[in-house]
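A.B. asks: The structure follows.
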Amino acid sequence: MSSTCNNLFGFEQYNGQCEFFGEGPTVLPEGLGWFILVGLGAVFACVPTCLIWLDRRFGNFGADSESFATAGRSIRAGLTACDIVAKWTWAATLLQSTNVAWQYGVAGPFWYAAGATVQVLLFAILAVEIKRKAPTIHTFLEIIRCRWGTTAHVVFTCYGFMTNIIVTAMLILGGAAVMEALTGVSVYAASFLIPAGVVIYTAVGGLKGTVVAEWLNVSVIYIVMLIFMFQVYATNPDLGSIATVYQRLSIVSIKYPVADNMGGSYMTMFSKSGIIFGIINIIGNFGTVFVDQSYWQGAIAAKPSATYRGYLLGGLCWFAIPFTFATTMGLGARALDLPITVSEANKGLVPPALAVHLMGQGGAFLMTLQLFMAVTATACAEQMAVATIVAYDIYKPYINKNADGRLMVKLQRITIVIYALVSGCVAVILLKLQVSLNWVYMFMGIVIGSAVFPIAASLTWAKCSATAACVSAVMTTPLSVMTWLIVAAKLNNGELSLQTTGQDYPMLAGNLVALFLSMILCIILSYIFPQDFDWAELRNIPVLDSDPNADPNNFDGDDSPQALNKVVRFTWVTSGILTLVLLILWPCLALPAMVFSQGYFTFWVMIAMIWGIVASAVCIMLPVIEASDLVAAVLRGKRLASNSSAHSSVQGAKASGGAAGGAGPGAAAPTMPVSTASGAGAPAGVEGGAGANGGANGTADGAAVAVTVDGTVRPRKSKRTGRAVMSTLLCLQLPTSRNARS
């Protein structure tokens with residue numbers, strides 16, 4: 001700000017104040033901060049837990065390992081879209097997007113939103129391919145192990161863990177900084193309490209618990225966003241209209257012009273720094289989507305038809321959060337000439353500053369609540385992602401190959417608790433090193449970007465080989481780090497520090513090398529050392545407990561394999577067109593406007609407001625509409641009858657049982673492979689086998705179903721032995737004489 005630190009618009013409370021959050025008392029009492037972290041954390045842990053209990057009591061949600069790790073592979077499009085919005089709404093989404101709006105003007109929110117939306121839109125392609133080619137997987141690393149072997153599996157497991165740690169660290173860094181600034185709660189205490197608040201419902205409900213909680217969190221995030229939006233552009237007396245914001249931004253740009261923006265204006269897409277940030281944002285976020293297990297498990301949990309619908313819809317709805325929120329908060333803070341320092345902005349304190357000015361303690365509470373919802377929504381997804389990798393990619397293949405479903409669930413729950421503590425420790429270390437949220441956000445693509453293309457190729461390109469994938473990723477990462485450091489040293493006379501390495505050009509150079517050199521190497525090496533992979537092999541990846549939704553042949557209509565084969569082209573075309581629109585067409589159409597006129601600025605802000613309202617309505621209402629049958633069942637107090645084709649065709653072998661053993665050759669076996677853990681006997685439907693988790697020696701004690709000689713499946717109604725049940729069913733089914741039956 002200026003040397004005298006006087007406000008341009010006569011807000012006398014800021015005269016002589018050169019920083020917004022100084023050494024004085026905090027806006028909110030410290031007790032309220034502890035209540036948000038502990039009290040609200042407990043409340044929002046109980047609500048999803050109760051919803052999961054209702055789903056188990058009145059719906060079709062199971063309690064076996066497949067339900068815990070994959071949510072029964074039955075999540076619908078609306079909840080899938082909410083899942084995407086929640087896990088992509090980090091602390092950085094709210095804080096860093098507003099920071100770039102405060103720094104670069106309208107270009108900042110656009111490039112943040114567009115640069116991080118295209119990855120989700122393109123991931124919709126992989127989401128469809130998962131259901132077509134690998135419907136039984138629990139993690140993307142299982143695909144790599146099945147296709148490329150142990151070495152590649154270990155390499156990309158390291159990249160997966162690295163991604164989870166970076167994402168979790170960013171969540172906690174932003175959340176803890178805001179909690180300390182607004183309430184005075186120790187940043188170190190907040191670093192442990194933020195991830196601890198989601199442990200309960202994640203450990204109890206598994207992946208379904210995280211998805212349900214995410215809908216609740218997303219609803220709060222959108223509602224708070226709309227409150228601030230109408231405050232800035234409609235109701236608040238200090239701003240209250242688009243015209244007022246425009247006029248004040250014009251005044252601010254005269255006294256504090258933006259370097260490298262056309263005319264120094266905040267209202268132009270001609271922004272050199274904005275474009276550089278956009279490129280870094282695009283490249284870095286490919287890594288945090290394609291290498292993050294949480295996005296893969298969202299696709300795994302979805303119904304087949306909900307994959308492309310949910311990811312395309314989720315990407316478009318998420319666009320509104322950084323675009324609408326940052327256009328509101330970042331430009332609003334500039335239009336009021338609030339005394340925010342660059343250091344405060346890099347910590348993510350622009351939105352809290354504006355919230356305090358607009359609504360006082362109420363605004364501070366809303367901002368804290370919104371940020372808490374954003375952080376916990378993503379934290380639970382990251383905890384579940386790490387737990388699933390530990391169970392299915394470390395423990396099961398390398399430590400205990402005979403682990404059954406019950407043991408795997410127990411291990412995942414333990415891992416969730418441990419990772420919550422580990423993530424808090426990582427955040428404390430970064431805080432001690434004085435690493436800012438902005439630095440970590442720009443840096444992430446340098447270390448994980450080289451894994452993007454090999455991982456995407458594992459499910460889309462049959463010729464990509466293990467040699468090409470491993471060499472391209474492992475060689476490129478150190479080269480990208482070297483490029484980043486060399487450019488930083490060259491531009492700063494050999495000085496290497498957090499400040500010099502966090503500059504735009506070093507970050508840009510490192511990110512470019514990470515993504516594109518890896519891609520080029522992988523393509524070249526795949527033609528030198530090609531692999532002709534048969535996609536059918538991915539269907540041999542086993543499930544631990546029988547899951548009818550893991551077999552594509554159990555679905556019909558929009559969820560059938562035939563329908564998915566038809567929508568693959570649609571998904572490619574739609575994702576490609578939307579990517580071109582966001583990254584090329586929209587910016588090109590905005591460039592002729594040069595520095596925005598008041599009319600064009602009004603048009604721009606109206607698009608942001610309408611997009612935010614529509615996205616809020618979709619994410620809040622669509623999951624409720626889709627779950628109307630379950631809501632009705634709860635109100636009636638009666639269990640919901642299963643109407644999915646998958647459940648109706650094979651309703652068997654849940655947590656405590658397997659498909660009935662001893663059924664003989666006539667029994668119909670599911671097409672999905674079932675892992676035969678210790679004591680499980682042969683797979684379901686094989687003569688003498690007990691099925692997954694069934695009894696040994698061909699018995700079916702504890703089995704949930706019985707199989708008749710004509711291949712139909714009937715629920716078991718008593719605790720009689722498998723032989724007695726089979727004898728009874730044989731007598732009922734055979735249309736023969738009394739002597740033949742006897």
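Just so you know, glycine gets a Cβ as well, placed from its N, Cα and C.
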A.B. asks: In TrEMBL, which of 378-399, 466-487 is tagged transmembrane segment?
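C.D. replies: In TrEMBL, residues 466-487 carry the label transmembrane segment.
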A.B. asks: Go through the chain and flag residues at least 6 beyond the ends of the transmembrane segment (416-433) whose CB is under 8 A from any CB in it; none is fine as an answer.
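C.D. replies: Counting only partners 6 or more residues beyond its ends, the transmembrane segment (416-433) has Cβ contacts under 8 Å with 165, 168-169, 172-173, 176, 187-188, 191-192, 194-196, 198-199, 202-203, 379, 382-384, 386-387, 440, 498.
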A.B. asks: Could you pull out which residues elsewhere in the chain have a CB under 8 Å from any CB of the transmembrane segment (601-625), counting only those six or more residues past its ends?
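C.D. replies: Residues 76-79, 81-82, 85, 106, 109, 215, 218-219, 222-223, 225-226, 229, 233, 242-243, 245-246, 267, 313, 316-321, 323-325, 327-328, 590, 631.
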A.B. asks: Determine which recorded stretch among 216-234, 270-291, 311-333, 507-529 has the most C-beta pairs below 8 angstroms with the transmembrane segment (151-179).
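C.D. replies: Out of the listed stretches, 270-291 contacts the transmembrane segment (151-179) most.
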